[in-house]
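**Q** First the structure, then my questions, so here it is.
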Amino acid sequence: MAGICARCFNRGVSLFRLKRCCNGPFFHRLPGPLVLNPFRMEIEKSMALLQLMGSEGLTPSAEEEIRRRIVVDKLREIVVVWAKRVAFLRRFPKSLIRAASATVLVYGSYGLGVHNYESDIDALCVGPCFATMAEDFFIVLRNMLASRPEVTEILCVTDARIPLMRLNFDGISIDLTYARLNIITVPEVYRSLLRCVKFWAKRRGIYGNVSGYFGGIHLAVLAAFVCLKQPTANLNVLLFSFLQMFAFWPWPTPVILEVGVLPLQSDSISLEKILMPIQMPCSRNEYCYSHFTRSTFNRIRKEFLHGYDITKDMGRQDFDWQPLFEPFPYAKKYSRFLKICLSCSEQSELSGWEGWVKSRIHILLLKLEEIQGFCDPNPTEYVDVDLLVPHVIFYWGLCPGRTSSINIESIKKGFTRYIYNKGREASTGKIDLSVVKASDFPKTKADGNGRPGGGLYSRHVPGYFVVGQ
């Protein structure tokens, strides 16, 4: 195929000059765009992809949409009352109390319209200028929500990079932050593309920011980048372009949404350390926060190449989307796994304990990379029905032939000491590490239609795969 050399790509060579590009043997060549001649075939392939998304439950039902809308509306009513209560506590005049108001804006997957039935709701409470986060948001509003029977499992995360309040409202998980946000309209084809790539990343085991893989913001920017490059393309071509473009992307060249904006010179020095720099759309000198490591970076690139190899034959009449979304075959790829079991004596403490460990688990990944050279931190969380205590389990793929070099007790001791030294001495949480064989890896369950990888949901930790070992 005709291609563009990486040097000219980085220099921003314009399209009409590409024929004079220095396509020498030492330059990495980017393949040309996919061309599908019959327009009807493009429509048919896009429709087949949309049907697959529907059959996999990626689009919520009408009843689920109504339920979520009701929850958001109730939350908006609550914050309006909260704003007036805060004004009353400030002893403002009655006219100001009556005028005080607040609202709730949704963003993330739900705000973009790319959520599914199991997604939580990322919400932003926009309050009046006199309502503080520390006192009015985390105390007054928290107490108001806790007094309502439909609200459970409230957790205030005040020490996070972005402080938030986590709660379960009528069975729907909500992450509520307190800040101001600008809202833009989103094209439907972008929503469909983002829904597709998130599903693909989850199925292939490369979706999970704390595990060193993609987070929602990474995929949102990458999908938007592809849509900007091909604003009139159909969904099937956009998905192919997404896989093709980033399978051959010359990292660490940053992905930048805004045309003509280059990273600051001071940032360019550290791009090699970032591995996959994806610039925040709102900032010239800030990149999407990530824990990419050499292991996860290489895994992501292999998955892009795997997806590209499947979709490059999309022009065939018998092309099928299903292989693209097949779950990653962990048990076939790895003979040994590091089993990480996080447990608590009380269910109410498990969520906080798990979040605390996961926010620091990249240290464990880096240690395993140092010893083995490679580790695949499978982000899927499992629950073993045979364990009676509240828990969650991870299975990380280990480098074949090098598991004998792992001193598991030494690693466990060092990581546990690191966790407790960060301020969790009083927690009842426990960490157990062990090396297990591929035969001990959880078997995926098929649903009634024979689809793989569905899993059942735990009664202990909602939203996690149940393992019957």
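The backbone N, Cα and C atoms fix where each Cβ goes, and this holds for glycine too.
TrEMBL labels come from automatic prediction, so no person has curated them.
Residues annotated as domain 'Poly(A) polymerase nucleotidyltransferase' in TrEMBL: 38-188. According to TrEMBL, the domain 'Poly(A) polymerase central' annotation covers 190-326. Annotation comment: TrEMBL describes 332-373 as domain 'Poly(A) polymerase RNA-binding'. Annotation comment: TrEMBL describes 206-228, 235-252 as transmembrane segment.
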**Q** With DSSP, how much of the domain 'Poly(A) polymerase RNA-binding' (332-373) is helix, how much strand and how much coil, in residues?
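**A** So the domain 'Poly(A) polymerase RNA-binding' (332-373) is made up of 25 helix, 8 strand, 9 coil.
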**Q** Give the mean pLDDT for the domain 'Poly(A) polymerase central' (190-326) on the 0 to 100 scale.
**A** 86
**Q** Do you know the DSSP helix, strand and coil residue counts for the domain 'Poly(A) polymerase central' (190-326)?
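**A** Secondary-structure composition of the domain 'Poly(A) polymerase central' (190-326): 74 helix, 6 strand, 57 coil.
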